[in-house]
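The following features are taken from Swiss-Prot:
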BINDING   CYS94, HIS136, HIS140  Fe cation binding site
ACT_SITE  GLU137  active site
Amino acid sequence: MALLPILEFPDPRLRTKAALIDAAEVTTPAFQELVDNMFQTMYDAPGIGLAATQVDVHKRFMVIDVSEEKNEPHVFINPEIVAKDGGRVYQEGCLSVPGIFADVTRADTITVKYLDRDGQQQELEAGEVLATCIQHEMDHLDGKLFIDYLSPLKREMVRKKLAKQRKHVA
């Protein structure tokens, strides 16, 4: 397994809309290795979710594990939200927008259809942190970032803060 480089805002590749994955590709050794590498990258970061777009792979899938013990890995391939209910404000962060956190309102519970790691059709009802994480990662697959939900003024403040952070690292 290998760690993958994570793209960071304002990299324009984060705005790429991911393409659907052919079901036949899911069980290939190359795809399975990519999934393993994404989990390793996510756990190492550390994070609770990682969309393929964030590692410059523009295919419609993501890996998530919101458990404290990091023992409940989920792979969502070609995910589609088929039902939403309620609203909840959650403070979100992102591996592609390091050090920035902001309140975002999302559906409280969702039902998502997807292919699992074995290419089997699944449907999951998710709530709380898992629902938030699924919606956040699905935004990545559509070329959206959580900071897009902020006002233009706050988004510009984020851009300046990240530029300043990069200057101190260099």
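Backbone N, Cα and C define each Cβ position, glycine as well.
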Additional residues surrounding Fe cation, by Cβ distance to the CYS94, HIS136, HIS140 centre under 8 Å: GLY49, ALA51, GLN54, GLU92, LEU95, SER96, GLU137, ASP139, LEU145, PHE146
Same-chain residues at least 6 positions away from HIS140 (Fe cation binding site) with a Cβ under 8 Å from its Cβ, in sequence order, are LEU14, ALA18, ALA51, THR53, GLN54, MET62, SER96
All-chain count of other Cβ atoms within 10 Å of the residue listed as 'active site': 23
At the level of the C-alpha atoms, what whole-angstrom distance separates CYS94 (Fe cation binding site) and the residue listed as 'active site'? 9
Quick one, of the binding-site residues CYS94, HIS136, which Cβ has the fewest other Cβ within 10 Å? HIS136
